[in-house]
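Participant: Can you keep this structure in mind? I'll have questions shortly.
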Amino acid sequence: MQTNFLSQQFNAGFLAENSMACPANATICDGTSCVLPENTFNQTLSVVLSTVLTIMLALVMFSMGCNVELKNFLRHIRRPWGIFVGFLCQFGIMPLTAFLLSLAFNILPIQAVVVLIMGCCPGGTASNIIAYWVEGDMDLSISMTTCSTLFAMGMMPLCLFIYTKMWTDSDAIVLPYDSIGISLVALVVPVSFGIFVNYKWPSKAKIILKVGSIVGAVLIVIVAVVGGILYQGSWIISPKLWIIGTIFPAAGYTLGFFLARLAGLSWHRCRTVSLETGMQNTQLCSTIVQLSFTPEQLELMFTFPLIYSIFQLLFALLILAGYRIYRRRCGKTQTDVEKTEQKEDSKSSAKINGGFVSDEMK
């Protein structure tokens, strides 16, 4: 009897420990090894927030369109010197910088590929919002984002073919042309409505622009926070990728600005080209790597787009803060845009840049 009692106590204690070790929602429990149903919280959160953020982004781009003058926008299309400079930055400087950084830090081939994919992506829509806050050329910013997304259909495969040959077969990289097309439509449609509203009701467009610019700034922060929540388990990654993720956007901003200035663009357009160069479509990069690589490979590089996104935002905010401090200290009554254009107007309109007539001289 004593033995049976002790045995029952042991079994009760074992079951009690087991009940504490295994969660109530466990489907199979063997000792301390339990099988739990799949946690769909992140998946559900991702779907809900993606829907909300997509709608918000469309509204923000609509408001950005309210700051675009149709005649100025068409002028950039007809005389695309600024767009051409941005094209060289987007699909010349960025892929080459990605290639050189990958070689310099001697990272794994699979990691080099994700850095190159990021370098070959088109510009992101966040650049339009920041361009507004730094008093950039919104007509050029919108046209550059639109054109880079459109050109990405052909330039991404070409750049990846050129730069990834030493690490992997470019055919192994799956380009989501549907995602690129959706990004293009999500940009063009709301911006077109915004341009129409600005053309018909300019006074109302100014109100929409002020509200949208604030919402856009909040949206950028929300996207960064949401990314951190959704991928909080993926922060263990090679220190080399952290360093590259820091250097890469800074190099994009800097080189884009200097190339634009070298090409003779005015200061406000240099700021615009700089932002368009450094701010990449990180969501597109994440989609490409998920479609192209196995789960084991993703562990080595999946977080890189998020790292780049964080630092491109951080440097963009530093640029914004620096510009605002500069404007406050200078205390000018005219913007540098107006002053630069007045100086440029005095120059000969016959200046030719590589076969393009520079609209800076018009």
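Glycine residues also receive a Cβ, built from the backbone N, Cα and C atoms like all the rest.
Because the structure is a prediction, the values reported are computed rather than measured.
For 336-348, the entry in TrEMBL reads compositional bias 'Basic and acidic residues'. Feature annotation from TrEMBL assigns region 'Disordered' to 336-362. Positions annotated as transmembrane segment by TrEMBL: 45-63, 83-105, 112-134, 140-163, 175-195, 207-229, 241-260, 300-323.
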Participant: Near the transmembrane segment (300-323), which same-chain residues lie under 8 Å Cβ to Cβ, leaving out any that are not at least 6 residues past its ends?
Facilitator: 108, 110-111, 113-115, 118, 126-127, 130, 133-135, 220, 223-224, 227-228, 231, 234-235, 237-238, 241-242, 244-246, 248-250, 252-253, 271, 274-275, 278-280, 282-283, 285-286, 289-290, 293
Participant: Do we see three or more Cβ pairs under 8 Å linking the transmembrane segment (140-163) and the transmembrane segment (83-105), pairs being at least 6 apart in sequence?
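Facilitator: Counting Cβ pairs under 8 Å (6 or more apart in sequence), the transmembrane segment (140-163) reaches the transmembrane segment (83-105), since there are 3 or more.
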Participant: For the transmembrane segment (241-260), which recorded stretch in the set 83-105, 112-134, 175-195 gives the largest number of Cβ pairs separated by under 8 Å?
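Facilitator: Most Cβ pairs under 8 Å with the transmembrane segment (241-260) come from 83-105.
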Participant: Under an 8 Å Cβ to Cβ limit, what residues of the same chain, 6 or more beyond the ends of the transmembrane segment (112-134), are close to it?
Facilitator: 57, 60-61, 64, 67, 86, 90-91, 94-99, 101-102, 141-142, 144-145, 148-149, 151-152, 155-156, 159-160, 163-164, 167-168, 173, 180, 183, 187, 209, 213, 216-217, 219-220, 223, 241, 244, 248, 271-272, 275-285, 288-289, 301, 304-305, 308, 313, 316, 319-320, 323
Participant: In the same chain, which residue numbers or ranges, 6 or more beyond the ends of the transmembrane segment (83-105), come under 8 angstroms Cβ to Cβ?
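Facilitator: Residues 76-77, 111-112, 115-116, 118-120, 122-123, 140, 143-144, 147-148, 151, 155, 159, 162-163, 167, 240, 243-244, 247-248, 251-252, 255-256, 259-260, 263, 265, 273, 276-277, 280, 354, 356 contact the transmembrane segment (83-105) from elsewhere in the chain.
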